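According to TrEMBL:
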type	residues	note
TRANSMEM	7-26	transmembrane segment
COMPBIAS	68-87	compositional bias 'Basic and acidic residues'
DOMAIN	135-313	domain 'Sulfotransferase'
ACT_SITE	K142	active site, for sulfotransferase activity
BINDING	R225, S233, Y330, K349, G350, R351, I352, H353	3'-phosphoadenylyl sulfate binding site
DISULFID	C331-C342	disulfide bond
Amino acid sequence: MRRRYIVAIWLVLGLTLMTILMYNIFGVSKLSNMKTTFGVSKRNNTKTTDCNCIKIRTPDEPTNITSRDTKEEKMSTHKENTDTNKAAEQRHYGEPGYVFVGTKRMNMFPKTVNQSDLDFSNYFSDAEVKKRNLVLLGGVMKCGTGTMKTFLKEHPSIRDAVGLQVFFTYNFGIQWYLKRLPKCKENEWAFTRCTNCFMNTDSLSLINNINELIGKRLKLLFIIRNPVERMISHYTQLKAGNKTLLPPIGHWIKEQISNPNTSGALQKTRYIDYFPVWYRMVGDKNILVLEHEEFVNTPWIAMQRVEKHLGLNPFFNENSFLLRKAGKYYCYKTKGPQMEECSHNPNSKGRIHVDITEKERTILRDYFRPFNERLFKFLNVRYKWE
Ligand SMILES: Nc1ncnc2c1ncn2[C@@H]1O[C@H](COP(=O)(O)OS(=O)(=O)O)[C@@H](OP(=O)(O)O)[C@H]1O
């Protein structure tokens, strides 16, 4: 009899334990939308009842979201543009989420978004939108864009559109961008950079739409660099972030050149493939292309070109910059308590490049020569890139 009681007690205990376990598993499966797909926190795809967040789709987001939402896509560690664009298609506001830019996990969603925020008129009137002057540094990655941003921010007529950096590669809906553009007075410019926009056709169409909305007040800025050096810089950056998987530079170059249409590194460096479409989009007078060597060696000349391009009052001159002893790069000069100082660490950007043989350099040089020739003709310049 006593034995039966003990068995019964064990049964009850067992059943309770099983129920708790089942409940937990069920609960977890309900929350499985917290898993990541395409590097996007799926929390943002859940309905109100599941996670207490609102599913928001802005009018200009693609409509095929639901079919994509159901797919369990494996998260890859390395996301180039194609993947990030796919990711953009299923992005929604809601609880904080994140995206992967390359392998970097970045927070991107505003913490709270009210349903009413969907109403465009909550932000600004049509007339106000037209007051946004935007200057976009559209690339190219590894050509000095970070330093250009540091310098430009010093100009009294430039307003940094902080929240926009890099995000033009994603389609969050046009309001998302417009909302983050600071209001500008007549002679002021909101500035942001988007180094990956250069060869991203989705960015291009998004930017084109924004340009239309702001009354074609968009000016574009690009910095380009000797393609061989840009490739080595690109590889050096990859190497710094991915020490094991990357082949030696010689192999990497061969790999890129045998897959020219899928190599993001080559695409970014074949400048002539993308400039015509940018020029067509904004017209010749709204686009300025600078060259890396000039920017590094005589930043005041490059910055004066930018001022002229934007119709700004002269602010930068040779005296605005400081080259520290044994330093490679100029910085913007400020007055410190005792002496002239740099507004930022000029060595915060710029890596020591990996070694590369002359033969490997020649392979790159030969590959890019015809593209460079076409570019020079297009831009009507000739850089010393050999
Ligand atoms: N102070 C200063 N002045 C002018 N130019 C500078 C400066 N610091 C860095 N650099 C150059 O910028 C290169 C990095 O380019 P980006 O800032 O576009 O890189 S990134 O795309 O944001 O990663 C960087 O490339 P690497 O040296 O190949 O790393 C430099 O050529």
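Cβ atoms here come from the backbone N, Cα and C positions, even for glycine.
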Proximal residue to H353 (3'-phosphoadenylyl sulfate binding site) among recorded positions K142, C331, C342 (C-alpha distance): K142
Other C-beta atoms that fall within 10 angstroms of the C-beta of G350 (3'-phosphoadenylyl sulfate binding site): 15
Nearest recorded site to R351 (3'-phosphoadenylyl sulfate binding site) by CA-CA distance, among recorded positions K142, C331, C342: K142
Pairwise CA distance, the residue listed as 'active site, for sulfotransferase activity' versus C342 (disulfide bond), rounded so that it is a whole Å: 22
Greatest C-beta neighbour count within 10 angstroms, which of the recorded positions C331, C342, I352: C331
K349 (3'-phosphoadenylyl sulfate binding site) CB neighbourhood, other CB atoms within 10 A: 14
Distance-selected recorded positions near ligand 1 (C-beta under 6 Å), from R225, C342, I352: none
Cα distance (Å, whole number) from C331 (disulfide bond) to I352 (3'-phosphoadenylyl sulfate binding site): 18
CB contacts for R351 (3'-phosphoadenylyl sulfate binding site) [other CB atoms within 10 A, all chains]: 12
Residue with minimal Cβ packing [other Cβ atoms within 10 Å] among the binding-site residues R225, H353: H353
